[in-house]
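Participant: Below are the features listed in Swiss-Prot for this protein:
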type: ACT_SITE; residues: E92; note: active site, proton acceptor
type: DISULFID; residues: C105-C359; note: disulfide bond
type: BINDING; residues: C112, C116, C119; note: [4Fe-4S] cluster binding site
type: BINDING; residues: G179, E180, S211, S233, L234, H235, N316; note: S-adenosyl-L-methionine binding site
type: ACT_SITE; residues: C359; note: active site, S-methylcysteine intermediate
Amino acid sequence: MTAVNLLDFDLDALAAYCEQLGEKRFRAVQLFRWIHQRGAADFGQMSDLAKSLRSKLADVACIAPLRVLSEHRSSDGTIKWLFDVGDGNAVETVYIPEDDRATLCISSQAGCAVGCRFCSTGHQGFSRNLSTAEILAQLWYAEHSLRRERAEGVSVGARAATGPASERIISNVVMMGMGEPLQNYAAVLPALRVMLDDHGYGLSRRRVTVSTSGVVPMIDRLAADLPVALAVSLHACDDALRDVLVPLNRKYPLAELLGACQAYLASAPRDFITFEYCMLDGVNDSDEQARALLKLVGDKGPVGRLPCKFNLIPFNPFPESGLKRSGNERVQAFAQVLIDGGLVTTVRKTRGDDIDAACGQLAGEVQDRTRVQERMTRSPIRVIRSAAQPDAA
């Protein structure tokens, strides 16, 4: 019998599972805390659970972390982990400490079916959805391995001296890694519940962000089920260009997407939508296109004035993309047009340049290596550099 991975369960599902084992709900709360707040992967560590329950769980369940293929640390504090998810697939997770926050960027799929022109992951194609356990295992590993480092005197977390963010190893989670989260909704929703649960990671809805390329029906669904902060990969000011850069636009054009964003604000934890905009030299970075964006989200746009902010993202070049990063002066000029038009606009700082380039590139290299190995030797993925699994904090 295959052991049940308890990382797959939100608290309600874990309570139902405990009831199947003849246990009361409060046991699920204890177990949940041991897993997510204390990082325990061994039932024997759970000292406030009855020995009979620990023995029962050891027979039928497990807490199975992902195998770490490699860990890359940047001089700016950024950490990128590459996790093995089986069948020649790997996913990336990135930890980004800043002065006022410490953000974990996690993946929701192995590969991606959307196929955005500027995205390394999209060029790899889609392999499969991650399970809830595989999504949460990224957060679980990062939280508890870094917590152990802090206990050993290593400086991790937000660099701020005071405030709630400085007390947390991870203060923010963004689903902006590999994959389209809203095309894996069945696994993403329970993972979000665990992130927000006070018995889990206790993050506020404002500090958890789902980024989507524009799956309109699922934006509506998320608004009804669990509205967290929403970011939308926009990247173009009109349908003609967005059809090319973000092929999903052919199914859900801008007017529909902006309508869903407007409706989302009624229940969102923030009073604005974040639009992500990858700056591509000579493609979408002219002043004229910036002015078109102002019209798109302004009073005369398809849904009227849409409260939003823009995050301009420097393009990370990767082989065969055929695209170039906009120059710094062009990015600043583009941003100034938006700012002068009354939009809050930021330019994302590039982080971890000395450890990797585009999101998905490490995973793509693993895919390529694995395909060669399968043809030549039929051997499993080669471990680049193993990292120890975290102990309970």
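Our numbering is plain: 1 for the first residue shown, then up by one each step along the chain.
Cβ coordinates are placed from backbone N, Cα and C, and glycine is handled just like the others.
How buried are the listed features, and what sits near them?
Facilitator: Within 10 Å of the C-beta atom of E92 (active site, proton acceptor) sit 26 other C-beta atoms, taking all shown protein chains into account.
A simple way to gauge crowding: the CB of C105 (disulfide bond) has 24 other CB atoms within 10 angstroms, across all the protein chains here. C105 (disulfide bond) carries a strand DSSP state (E or B).
Secondary structure from DSSP puts C112 ([4Fe-4S] cluster binding site) in coil.
Counting every protein chain shown, the Cβ of S211 (S-adenosyl-L-methionine binding site) has 20 other Cβ atoms within 10 Å. According to DSSP, S211 (S-adenosyl-L-methionine binding site) is assigned to a strand segment.
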Participant: Suppose we draw a 10 Å sphere around the Cβ of N316 (S-adenosyl-L-methionine binding site). How many other Cβ atoms does it contain, all chains included?
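Facilitator: Its Cβ shell of radius 10 Å holds 19 other Cβ atoms.
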Participant: Spatial neighbours of C112 ([4Fe-4S] cluster binding site) among the binding-site residues G179, S211, H235, N316, defined as Cα within 10 A: which are they?
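Facilitator: Checking each Cα against C112 ([4Fe-4S] cluster binding site), the hits are G179.
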Participant: Reduced to three states, what secondary structure does DSSP give G179 (S-adenosyl-L-methionine binding site)?
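Facilitator: It is coil.
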Participant: Restricting to the recorded positions E92, C105, C116, C119, which ones have a CA within 10 Å of the CA of N316 (S-adenosyl-L-methionine binding site)?
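Facilitator: Within 10 Å of N316 (S-adenosyl-L-methionine binding site): C119.
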